[in-house]
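Data block below; observations after.
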Amino acid sequence: MNGTLDHPDQPDLDAIKMFVGQVPRTWSEKDLRELFEQYGAVYEINILRDRSQNPPQSKGCCFVTFYTRKAALEAQNALHNMKVLPGMHHPIQMKPADSEKNNAVEDRKLFIGMISKKCTENDIRVMFSSFGQIEECRILRGPDGLSRGCAFVTFTTRTMAQTAIKAMHQAQTMEGCSSPMVVKFADTQKDKEQKRMAQQLQQQMQQISAASVWGNLAGLNTLGPQYLALYLQLLQQTANSGNLNTLSSLHPMGGLNAMQLQNLAALAAAASAAQNTPSGTNALTTSSSPLSVLTSSAGSSPSSSSSNSVNPIASLGALQTLAGATAGLNVGSLAGMAALNGGLGSSGLSNGTGSTMEALTQAYSGIQQYAAAALPTLYNQNLLTQQSIGAAGSQKEGPEGANLFIYHLPQEFGDQDLLQMFMPFGNVVSAKVFIDKQTNLSKCFGFVSYDNPVSAQAAIQSMNGFQIGMKRLKVQLKRSKNDSKPY
């Protein structure tokens, strides 16, 4: 141990134990001490050795503890990925030891917003010093050196930081500020990466929307796998972090409410957790367009789903083709989603593969359910606005063969919900959910009319049997007025 006159027998309370890799196996503690003492007094060095050899040989790594936290950070800044020691092929790796991660800087660092631009670092220190020892205080400044009205304050413990948040967040409005002071934990590197991904995805989706390729559901085939995979990756990361705000900020996901976001994030989390699950069904793919298979199989009825395994399983293979390459999702991963969704219940598949196939079908059904709610906002916004004017709540009929009867609608669905769900297939001239005049509650059925029969047929193909919650939609042509029954 280094017992210099400049330091007591023990290191400072906030000192960091650092792990150091990529050091020569021939180096002794003396050699390492000479290297590290350039940055500050060293309290202790512990070389990791292979005890199976006689005498024990160095593993080429060590732990070092400086007397001060400042010295450790200076050494890390100067050495980590910067300096290559004699005889080594890679630069030194230096980072806090695992035991130090519980007190990582990102867990103690606060962002302070809405502060007066007249405040100095000393003013901020005085303002927050009553909550504990401040390790660092820095005001953000522009190229001109003027304050941007925000700062970072790092305490020595997370408890101190939490106390400061409780006491100071929105506690006062400072001079020249339009709203109260903001005090919160600073964004971590993971938070920053998530925001960057969200911004990137939003830009890509806006470019797609501007291209006006969303005239009907067939336009989904123009959406590249990289966009869908990026969606899945973001969902998985967001679900694992528990932060749904990132999802709700996405333009294409604007049609989802909080509960749907949570369910969709849960599905993605299950996929992420199950990525290492071995599966014998990875060979399931489809020769046709992956997205066309996904959309066409959405129209299968409950009976056809249980008797014919081609559509849902081929669709899962297609989903694997789309997202597997970049997001690591495989068919085995999808099986892990089954527990999060009621799916097809216990009907299963009659191809003899048992519960695995049933789980896969349930998983597909779960994805399908929440993808439906997001679809409308993927379409050109100008088109949506034009269609929605006067269509919701109207009972105007289209030409023969263009009028649909929809049964098994969710109780909470209104005219606007019905309109948005069927707009992707063509120009909707009217969408009406029927209401019981006595109870003022939905009768769970309605009518949708298009301006052409082709759109109506596309809607039937994709939406008949489509699952929303615990219900499967029944979508069929409305009979002509000459028939004795309207449907």
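Each Cβ is built from the backbone N, Cα and C atoms, and glycine gets one as well.
Features of the protein shown, as given by Swiss-Prot:
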MOD_RES   Met1  N-acetylmethionine
MOD_RES   Thr4  phosphothreonine
DOMAIN    16-99  domain 'RRM 1'
CROSSLNK  Lys109  SUMO2 cross-link
MOD_RES   Ser179  phosphoserine
COMPBIAS  283-310  compositional bias 'Low complexity'
MOD_RES   Ser303  phosphoserine
DOMAIN    402-480  domain 'RRM 3'
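Spatially close to Ser179 (phosphoserine) yet at least six residues away along the chain are Met114, Thr173, judged by Cβ distances under 8 angstroms.
Mapped onto DSSP classes, the domain 'RRM 3' (402-480) shows 22 helix, 30 strand, 27 coil. Counting residues of the domain 'RRM 1' (16-99) by DSSP class, helix then strand then coil, yields 21 helix, 28 strand, 35 coil. Classification of Lys109 (SUMO2 cross-link) by DSSP places it within a strand. Its own atom aside, the Cβ of Lys109 (SUMO2 cross-link) has 19 Cβ atoms within 10 angstroms in the protein chains shown.
The secondary structure of Ser179 (phosphoserine), as reduced to three states from DSSP, is coil rather than helix or strand.
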